[in-house]
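> Before I ask anything, here is the structure I am working with.
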Amino acid sequence: MGFTNVYGVPGRSGAGAESPRARAVLLDGRAVAATLREETAAAVAALRARGREAPALATILVGEDPASHVYVAAKHRACEAVGIRSLDHRLPGDVEGERLAELIGSLNADDAVSGILLQLPLPSQLEASEFIDLIDVGKDVDGLTTANAGQLWRQRDGLRPCTPAGIIELLDRCGVPIAGRHAVVVGRSDLVGRPLAGLLLRRDATVTICHRHTADLPAVCRGADILVAACGIPRLIGVEHVRPGAVVVDVGITRTDDGLVGDVDFDAVATVAAAITPVPGGVGPMTIALLLANTVAALPSTTDKDR
Ligand SMILES: NC(=O)C1=CN([C@@H]2O[C@H](COP(=O)(O)OP(=O)(O)OC[C@H]3O[C@@H](n4cnc5c(N)ncnc54)[C@H](OP(=O)(O)O)[C@@H]3O)[C@@H](O)[C@H]2O)C=CC1
Ligand SMILES: Nc1nc(=O)c2c([nH]1)NC[C@@H]1CN(c3ccc(C(=O)N[C@@H](CCC(=O)O)C(=O)O)cc3)C=[N+]21
């Protein structure tokens, strides 16, 4: 591939440790996310040194989904570590939409709240997009409102969804070139695939988006210089989907009895790819690091006078 990777060397961990035939460079999201969090911590400290309030992230968790509880707890810990205050709002799974709407409205109006994150999925009686679009566009640190999604596709500034933005940041910081490359994204959700395709396009990649109706998925994927798997099907992507020398990004996370499993068959694909993200330790930590960065970026005056 001809790029330099400052973080991973073949076989440092993951790739080489798990398979003697592995040749892919490991794209170490955990390490890159740690660097990014340090930068965010420094930005928060600089704000405080100028007498500003620390930014505050309000999370809203509806219902009892155990994975969502784990994620929200991780987000709060990450906030604390960089000096961002976090406010934990929880509502019962059978809550009326009106109450959720009221809560979002009160957080929109609260000047002490810089970012609002509505954890997904919502219980089935609540339509997620309806409530996401109640979030103030300037506080939409998940970048999921229709307005911010539109800004992305219109090539205007705005808050970007954390997972797609985290993937771009990871590629950039690992020295993977994007412009002119063929990027294939497997998955077209509003949370990951679609906005990621938009960001890759903005960076001058040639972008193909795949989904359930894609005919001959392996053949389409084999055209990729950069292949991103975000479909939620454990180990769907195997060697037959990967052109030797491609860069493979695994967004998928499925909880099984053997732990977390990605959408990529890591051991097999690492023998042909030039570089690959592990699960865990790849895209996941980048998502949280970008949430923190977005929360600082959402402070009105960071764009007005502090930057
Ligand atoms: N690491 C991280 O930070 C994050 C990880 N995730 C994980 O990423 C995965 C995807 O999440 P999300 O986008 O929310 O999932 P969704 O279920 O919303 O979307 C999945 C997408 O994959 C497509 N798809 C499903 N099966 C296939 C298939 N066999 N072939 C081709 N395309 C297929 C679907 O196509 P269609 O539209 O046709 O139905 C859909 O567009 C999940 O495992 C999730 O847990 C999610 C967010 C963050
Ligand atoms: N409004 C909203 N925004 C989201 O960004 C959002 C969401 N809802 N709902 C669920 C998905 C999923 N998601 C992850 C975040 C971090 C890790 C992460 O840190 N993963 C670690 C492992 C964590 C573990 O061990 O469980 C890793 O991959 O190394 C994973 C997944 C954000 N999501």
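Cβ atoms here come from the backbone N, Cα and C positions, even for glycine.
Below, the features straight out of TrEMBL:
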- G187, R188, S189, I253: NADP(+) binding site (BINDING)
- 27-142: domain 'Tetrahydrofolate dehydrogenase/cyclohydrolase catalytic' (DOMAIN)
- 161-299: domain 'Tetrahydrofolate dehydrogenase/cyclohydrolase NAD(P)-binding' (DOMAIN)
> List the helix, strand and coil residue totals of the domain 'Tetrahydrofolate dehydrogenase/cyclohydrolase NAD(P)-binding' (161-299) as derived from DSSP.
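Split by secondary structure, the domain 'Tetrahydrofolate dehydrogenase/cyclohydrolase NAD(P)-binding' (161-299) comes out as 49 helix, 28 strand, 62 coil.
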> List the helix, strand and coil residue totals of the domain 'Tetrahydrofolate dehydrogenase/cyclohydrolase catalytic' (27-142) as derived from DSSP.
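Here the numbers are 59 helix, 18 strand, 39 coil.
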> Any idea of the Cα spread of the NADP(+) site, G187, R188, S189, I253, as a max distance in Å?
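Taking every pair of listed residues, the largest Cα separation comes to 16 Å.
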> Let's check the environment of R188 (NADP(+) binding site): how many other CB atoms sit within 10 Å of its CB?
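Its Cβ shell of radius 10 Å holds 18 other Cβ atoms.
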> Restricting to the chain of G187 (NADP(+) binding site) and a gap of 6 or more, list residues whose Cβ falls under 8 Å of its Cβ, or answer none.
G193, C210, H211, V228, A229, A230, C231, G232, V251
> Would you count the other CB atoms within 10 A of the CB of I253 (NADP(+) binding site), including those on all shown protein chains?
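For I253 (NADP(+) binding site), the 10 Å Cβ neighbour count is 19.
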> Just to confirm my parser: what is the rounded mean pLDDT across the domain 'Tetrahydrofolate dehydrogenase/cyclohydrolase NAD(P)-binding' (161-299)?
98
